4 protein chains.
Amino acid sequence: MSDVKKVVLAYSGGLDTSVIVKWLQETYNCEVVTFTADIGQGEEVEPARTKAQALGVKEIYIEDLREEFVRDYVFPMFRANTIYEGEYLLGTSIARPLIAKRLIEIANETGADAISHGATGKGNDQVRFELGGYALKPGVKVIAPWREWDLTSREKLMAYCEEHKIPVDFSNKKKKSPYSMDANLLHISYEGGILEDPWAEAEDDMWRWSVSPEAAPDTPTYVELTYEKGDIVAIDGEPLKAHEVLEKLNKLGGDNGIGRLDIVENRYVGMKSRGCYETPGGTIMLRAHRAIESLTLDREEAHLKDQLMPKYAEVIYNGYWWSPERRMLQAAIDETQKNVSGVVRMKLYKGNAIVVGRKSDESLFDESIATFEDDAGAYDQKDAEGFIKLNALRLRIAAGKGRKQS
Amino acid sequence: MSDVKKVVLAYSGGLDTSVIVKWLQETYNCEVVTFTADIGQGEEVEPARTKAQALGVKEIYIEDLREEFVRDYVFPMFRANTIYEGEYLLGTSIARPLIAKRLIEIANETGADAISHGATGKGNDQVRFELGGYALKPGVKVIAPWREWDLTSREKLMAYCEEHKIPVDFSNKKKKSPYSMDANLLHISYEGGILEDPWAEAEDDMWRWSVSPEAAPDTPTYVELTYEKGDIVAIDGEPLKAHEVLEKLNKLGGDNGIGRLDIVENRYVGMKSRGCYETPGGTIMLRAHRAIESLTLDREEAHLKDQLMPKYAEVIYNGYWWSPERRMLQAAIDETQKNVSGVVRMKLYKGNAIVVGRKSDESLFDESIATFEDDAGAYDQKDAEGFIKLNALRLRIAAGKGRKQS
Amino acid sequence: MSDVKKVVLAYSGGLDTSVIVKWLQETYNCEVVTFTADIGQGEEVEPARTKAQALGVKEIYIEDLREEFVRDYVFPMFRANTIYEGEYLLGTSIARPLIAKRLIEIANETGADAISHGATGKGNDQVRFELGGYALKPGVKVIAPWREWDLTSREKLMAYCEEHKIPVDFSNKKKKSPYSMDANLLHISYEGGILEDPWAEAEDDMWRWSVSPEAAPDTPTYVELTYEKGDIVAIDGEPLKAHEVLEKLNKLGGDNGIGRLDIVENRYVGMKSRGCYETPGGTIMLRAHRAIESLTLDREEAHLKDQLMPKYAEVIYNGYWWSPERRMLQAAIDETQKNVSGVVRMKLYKGNAIVVGRKSDESLFDESIATFEDDAGAYDQKDAEGFIKLNALRLRIAAGKGRKQS
Amino acid sequence: MSDVKKVVLAYSGGLDTSVIVKWLQETYNCEVVTFTADIGQGEEVEPARTKAQALGVKEIYIEDLREEFVRDYVFPMFRANTIYEGEYLLGTSIARPLIAKRLIEIANETGADAISHGATGKGNDQVRFELGGYALKPGVKVIAPWREWDLTSREKLMAYCEEHKIPVDFSNKKKKSPYSMDANLLHISYEGGILEDPWAEAEDDMWRWSVSPEAAPDTPTYVELTYEKGDIVAIDGEPLKAHEVLEKLNKLGGDNGIGRLDIVENRYVGMKSRGCYETPGGTIMLRAHRAIESLTLDREEAHLKDQLMPKYAEVIYNGYWWSPERRMLQAAIDETQKNVSGVVRMKLYKGNAIVVGRKSDESLFDESIATFEDDAGAYDQKDAEGFIKLNALRLRIAAGKGRKQS
């Protein structure tokens, strides 16, 4: 274990990754570089600096990645209306590739030969961090302490802290959440605790970003989202940067009880797990994006997108953002977004994100053809007969030859 | 036009299809057989008998198809979590194959050589009726009056009625809905009128089966749905037939403001149209079915189902229920449902259909493995390292040879 | 029929399209513009000029489109390893979009309001011409004489010629092929005649571009194909333009009895038809392209390409080259071809196009890892255990819970 | 390592697996049960008995699995026209699930708690054996000696033999093939040696089952294959069992130089490898099956099969025969084969397997419609106009609104 000289750690400033700093220094006898990013998790990142310094870290990276995160990861993903297993908006999955990329870039800058993270050996995040790392720096050494050490219980961790004089934040210790949580601008996730029984209803005080539908206002909020090439660029007419869009929608959604989700999902490592997710802004964006596409996308490209989406979601969920297959799918998706521009009007009310209007200069909706009124010859109903007859031809031939169709 | 001797008409008893009876008799000089089915549209079907008799019809078929409709069409479709273009639950599409099948069976019973329907030349329903008809009786003659006649406005229709002494129900005439509507046990659809402007919000008095979320009760309703092999067989422990399940869920959903949808969709005939749909029970069923599958389906079959679903939805939407490709997809879908049994607990509240629990004797959720607590060796975290390394191998090789991954 | 002022006709110079010139002039009382293209069909196009002049045509377009055809249509299609229904190399399908595009461009240049072609009402080509036409000029009028006129037999056509003094080339008339044929640089197709019986073997004297395998040389020919970004740019080291590549490979393939194909295929208009195809160069290219991709493509992008290919082939076969879905698929395909460069060595022998070697500077083949010899630690075999165990986890859990796996 | 009591070994009778017998006995101090199967590899299996006895094995299983192998594995796979990465007929992949199944069944019969095999840690076969084993007996212990021991060179193996008095067959030792080979009724595979350079042409004396095209007879062989529900049941009118079909086609194909393949493929463990495959009968079957399907399958089910095939091939290649996703795909595939019956006539000549005729009582080919001659009204060419116009509608609308289509 002596071959590692310097390791870049994804450092939250919390207890677990603080222990990891010390453990890496001791176990690998190597220098530790910490990397702490603000991706909208809702906690100050600057305090990580003094904590890292106290642990003897000399190279400390603290960065605000919120805009990059939403612009280059969240938005491209939403162009595909991406949901995993019909429900999950991939809030955790989509943050990992950016962290992995920065870990590697910092490793290259600081001359580190290894990266490390605080994800366990049972989850998806280890996979996402490490696949990203290997894809971007093939010779990198990856250290995953949770797969190596024997600090497998909270008691052992605490004992380690005491032994190594790692300051434990007592207030934190007291009201330690019973859930394993992860947060970024797109969502908060909750796992563990009573959630390990999929029959048990999540407790209302678990949720952090949203009020319950019951507690939401009795009057709806209307909001207009302006799209350009598949991305939201303004809310109620006000131009916003990518992360500002999501921050605003999180606020609007959370206030109206929107975006809570409670599912059992299939992890890439082969087990099912139960998770609760809070994705206020994302839930609004998914609906709204489909609405603007409904006006501006051609039918066949829309259907093809829908057929490719589950694969694209799987690629991201499994941690293959930095892969040729993701780029290939992205090329197809982005090709369709050139005309996905316009405005969607949404009504937000007690958990519901309802599309109530959509308009676009690029609209393919043709009132003169679709109308139930007289269309002035825009569409010749007689064409339908030939259309149907030739579409039926293969079925008619088969039935004529005695094939059973029922 | 003299070659048609007898035609079976899908007859609603309403004004339009009553005109069609007369028009067929006159234009084709043929006998008309009427077929009226109760598929849960919420109107009495028996009155169609006297209306048909008054029009001189001798062979009158009036049938209650509600159970068959839900059991053999709606439920198989829901096994696939079927939604068209990300939103639409296919309420109209799924009713047409059954009507087409009965039209053909009645044609065979009565010796008719043609079938007819009241669908226009712009919509999907003409396609669905006729593809079904041709697939089941390849030599059948199809008469689509709306594509042939010149009664292209309400005024002309009314004039025709007066001329031919077709009694017009005045009360109906007065409060004639401004929307083109279609209803069955799965949904009501609304098109036309102000909906032809996709930016215009639907008026609240349009909706018939559901209260608005605002008007729904302030306390949630909980309900438990019991699944067997992918279909709901009991609600809150009470065994129910297929159509009883849907009737009950429609009531529960409608009372809680659930199932309203407002979309722009792509028709098979090539145009976009705006439609509003009210699918209270179906909206609950979609969520619940995914929840019971989340416990009982293997990951890979679940993902494969998700990839096939858009195609399956397209097949049904376009009218190819009676086709080899639908049977092929159904075979794959049904193969996966053998173990989709258990109970889903839902919370219904002001437009929200929320899954709050799920359990199953066939559950593949393994708490001993998934737990954040000590798993007593059920899962060896060290396996993850090899798993990740080999999954990364192709990416590492590529990066090692200088391929750019970002 | 008087509303057409000027029509651009895809004019081969042959008897049928010469009749169409006259028929259009008479029936529509309009001016006819002829467009004749050399796309490698192997016949002089210049003679079409005097023929058109003799028919009173004033605007005559005669163009050599061979390079554009191969570069912008054939090559992009081959990047996807495109085959329709497992066999057909789409030789006819891929030529139509270019013809359609030029028809429309010429219509725009000459102020014509209509286009016309000589394809029948039963085949795919009418669809391909017309979909292209409508996509590129939505208001264009399309005239398809074979769907309109009553010249439905050779006798009637001949009578029309005599009546209208259209010179019939007697030599041609005598040795008129019993087959309906179509040729361009990619292939010749044969339909009709004895081929209408799918049990009947094609006669050897039908084929035009290739010798039979039996008649091919007894010694093999070796050839090296150099790829850049998915396209062949040199043969045996000699740089060639796109159409020169195909001309050369047609010669090499034809001389060695390569590229004959005899199939029953499904037409877009709903019927099955039997066709024989002669595609010497294309058959070599398909194999060679797969070979260079086998070295240079990542596994997952390669598999995704294979999954998308049947759809892409269908899109082209059905005539949707000029469509959003084709562009979307092309974007995905082209994204994968950036590194598809290198050399493939082929052995051509009596009908066989055999890959015997492939090399590339972009190769992802890593001998140090793949070797059966000592790999000096490049690959840790112990990683395989974790890889297999986690991939098996979902199966083990299911089996442990009593699910039957066989 | 003392916790294994009895292990069932896939035993070929060759040197390597003989060493494994001894190594298992020594290393795990456990009883070894050998299992040797005739799956058409072309070597006697009975001699394995005395060899195993000499090694002290008491429970010896020797079985002829040829019929089961072809009937229940090869034939179902060929119903899907299965090829991996466009070329490979999966000859090795498809034999592994049967071996895995028998290993587990024998473990259950003999009370063994472990299974073992002679596959290396770099290849796909370890994955296939072990995934099958875990899927069928989730608690089984798997021992993969090549991943554990240090006998990593031929020299060390030989030393081990001498030390442990394992008789080495000298004649065998002398003419030891330079290739790593695997054989069964479907194919022989060759890897390693000079093949590790993908630019090097395979030497002609490598191939065992087929003559070269050059050495094949100068006159073609014609053969007629009779299909029932997707499987061949007779050759030239003579009814045959599944394995007899393949044996006969291997002979016919091999004699005519058919079925040699030389590719670079992507292994599931993440590396590319170069392999040569000899699949005479399978190559004929693939072409013939497509031909009988071309007459008897509906277009849309055929296209859907083609879209699913690459995934199905991947599932088998990766070792997931015993999985829910394979059963799901198989259900879809088998649903389509009910009418795939009839006769295909093939011409075999110097490496070419050419379809020259096909006929079927279930044929959907309709000469009266497809004909270039007068069809007596079977098809109304005017239907094509409406068909095209509505199919073009979405493109016309888009172009009319200024969307660029090129």
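Note: Cβ is positioned from N, Cα and C throughout, glycine not excepted.
As annotated by TrEMBL, domain 'Arginosuccinate synthase-like N-terminal' applies to D:6-167. Here TrEMBL flags D:Ala10, D:Tyr11, D:Ser12, D:Gly13, D:Gly14, D:Leu15, D:Asp16, D:Thr17, D:Ser18, D:Ala37, D:Gly118 as ATP binding site. Residues or ranges marked as L-citrulline binding site in TrEMBL: D:Tyr88, D:Ser93, D:Asn124, D:Arg128, D:Ser180, D:Ser189, D:Glu265, D:Tyr277. Annotation source TrEMBL lists L-aspartate binding site at D:Thr120, D:Asn124, D:Asp125. Under the heading domain 'Arginosuccinate synthase C-terminal', TrEMBL lists D:179-397.
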Position of peak Cβ density within 10 Å, selected from the binding-site residues D:Tyr88, D:Tyr277: D:Tyr277
Conformational class of D:Ser18 (ATP binding site) under the three-state DSSP mapping: helix
Cβ-based isolation winner (fewest other Cβ atoms within 10 Å) among the binding-site residues D:Ser12, D:Asn124, D:Ser180, D:Ser189: D:Ser180
Near-site residues: L-aspartate, ref D:Thr120, D:Asn124, D:Asp125, CB cutoff 8 A to centroid: D:Ala119, D:Lys122, D:Gly123, D:Gln126, D:Val127, D:Arg128
Fewest Cβ neighbours within 10 Å, where candidates are the binding-site residues D:Ser93, D:Thr120: D:Thr120
The domain 'Arginosuccinate synthase-like N-terminal' (D:6-167) [mean pLDDT, rounded to integer]: 96
Binding-site residues compared (D:Gly14, D:Gly118) - highest count of Cβ atoms within 10 Å: D:Gly118
Residues from D:Ala10, D:Ser93, D:Thr120, D:Ser180, D:Tyr277 facing chain C - binding-site residues, CB under 8 A: D:Thr120, D:Ser180
Residue from D:Asn124, D:Ser180, D:Ser189 whose C-alpha is spatially nearest that of D:Asp16 (ATP binding site), among the binding-site residues: D:Ser180
Binding-site residues compared (D:Asp16, D:Asp125, D:Glu265) - the one with the fewest other Cβ atoms within 10 Å: D:Asp16
Cα-nearest neighbour of D:Ala10 (ATP binding site) within the listed binding-site residues, D:Tyr88, D:Ser93, D:Thr120, D:Asn124, D:Ser180: D:Thr120
Where D:Thr120 (L-aspartate binding site) falls in three-state DSSP terms: coil
Other CB atoms, at most 10 A from the CB of D:Ala10 (ATP binding site): 23
Intrachain C-beta neighbours of D:Ser18 (ATP binding site), sequence separation six or more, cut-off 8 angstroms: D:Tyr11, D:Lys51, D:Leu55, D:Cys161, D:Ile166
Longest CA-CA distance among D:Tyr88, D:Ser93, D:Asn124, D:Arg128, D:Ser180, D:Ser189, D:Glu265, D:Tyr277, per record bound to L-citrulline, angstrom: 19
In three-state DSSP terms, the structure that D:Ser12 (ATP binding site) belongs to: coil
